[in-house]
Structure formats: C-alpha cells, structure tokens
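Only one structure is covered here, and it is reproduced in the block below.
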Amino acid sequence: MLGPIRESLSAAHTWISDTLWPQQEVLMMGDSGGGKTTALYRLIFGKEVATLPTYVYNVESLTIQGVRFKVLDFGGQMGSFWRHYVSVRTAGIIWMVDSTNEDELETLRTDPWRVLWDYNRVSKETVLLVFANHQDRLNALSVVEVKDKLELETRARGRRWHIQGSSATTGEGLVEGMEWMATQLSKAR
C-alpha cells in the first residue's frame with residue numbers, strides 16, 4: 001500500500017527539486033589513472049580523499065558559483081560505454097588527461113571530439129573543459145604542449161572549450177576550471 005505513495009512522493013520530490021534547483025549534467029571522462037575521481041572528491045570535500053579505481057561510474061553533485069552540477073565520473077576502463085549516457089541534456093564534458101603520459105595523449109587526441117561530434121545526441125552548446133592534470137610533477141608537459149598534442153584549436157570547430165592546468169591531489173586549477181564551466185553554462189541559460 002505504501003509503495004505507490006512512496007513512489008509518488010519520490011517522483012514529486014525529484015520534479016520539485018529539478019524544477020526549482022536545476023542541475024547541469026556534466027560527464028567527466030579520461031584515461032585510467034588520470035585523476036578524475038580524485039579531482040571530483042577534491043572539489044566536493046576540499047581535501048584529498050583516498051579513492052579506488054572507478055570501474056563503472058560515480059554520480060556526485062556540487063555547486064560552483066551558484067551553478068549546480070550533476071557530475072557523472074566515468075572509469076577510464078569504460079571504453080565507449082559512456083556514449084550511452086551522452087544526451088542533449090549533457091551541458092558539459094570534463095576531459096581529464098595525464099600530462100605526464102605523452103603516449104596516452106596521442107591516443108586521447110580524438111576521444112573528446114568523438115563524444116562531441118560523432119554522437120548527434122550532444123547539443124551544439126555543450127562545452128568542453130580539459131584538465132591537463134599532474135602539473136605538479138616534474139615530467140609533466142606544459143598546458144600549451146598538452147593543448148597542441150590534443151589539437152584543441154584545430155578540432156574545436158566553433159565549440160566553446162578551455163584547457164586548465166591542474167593537480168587533482170593538491171587541488172591546483174580545479175576550482176578555476178569549474179568556474180570557467182559555470183560561467184559558460186550561466187551564459188547559456
């Protein structure tokens with residue numbers, strides 16, 4: 001007897017919450033060990049949190065500059081599984097790359113564009129934020145080198161994008177990158 005009532009209340013709560021306080025859906029992707037989950041939890045908790053490898057995905061919420069984000073953090077081993085979660089509701093894509101792994105950067109060069117261009121389910125307004133992670137390591141490529149390796153300027157084709165140097169463990173650059181995304185998404189409202 002309580003099942004249908006509970007379901008109705010839950011649906012009503014979700015509708016009210018989504019209507020009054022809408023969330024921007026953001027997909028966080030990148031290579032294994034790139035720091036996606038560490039960065040997400042650093043943004044949420046303000047400190048480094050011990051993490052385990054993500055084998056499917058995590059869903060977390062956070063607010064930056066008054067913009068509420070629903071972040072889907074996909075494990076690096078997901079292959080193209082995340083494409084099933086890309087939709088016209090996807091407001092932004094966060095691409096976390098390991099700036100110390102030059103070989104992997106060559107492989108990742110086409111991945112964000114495959115998400116943004118090959119899947120017609122993504123809005124033309126979807127923004128791309130690239131975190132050039134591990135900038136705190138001595139062997140890290142510079143942000144400019146990562147930008148060039150990923151061919152961001154030539155592949156963007158009019159899409160709004162930004163690359164931000166970061167360190168998921170120290171938190172360097174994470175808030176600045178998310179503030180850029182919040183500003184971009186606020187403009188689109």
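Heads up, the Cβ atoms here are built off N, Cα and C, so glycines get one too.
Here the Cβ of Asp136 (GTP binding site) has 15 other Cβ atoms within 10 Å, regardless of which shown protein chain they belong to. The feature GTP binding site is assigned by TrEMBL to Gly30, Asp31, Ser32, Gly33, Gly34, Gly35, Lys36, Thr37, Gly76, Asn133, His134, Gln135, Asp136.
Among the features that TrEMBL reports, Mg(2+) binding site is placed at Thr37, Thr54.
Cα of Gly30 (GTP binding site) to Cα of Thr37 (Mg(2+) binding site): a span of 11 Å. For His134 (GTP binding site), the Cβ neighbour count at a 10 Å cut-off comes to 23, with all displayed protein chains included. Most Cβ neighbours within 10 Å among the binding-site residues Ser32, Thr37: this distinction goes to Thr37. Every protein chain shown contributes to the tally, and the Cβ of Gly30 (GTP binding site) ends up with 25 other Cβ atoms within 10 Å.
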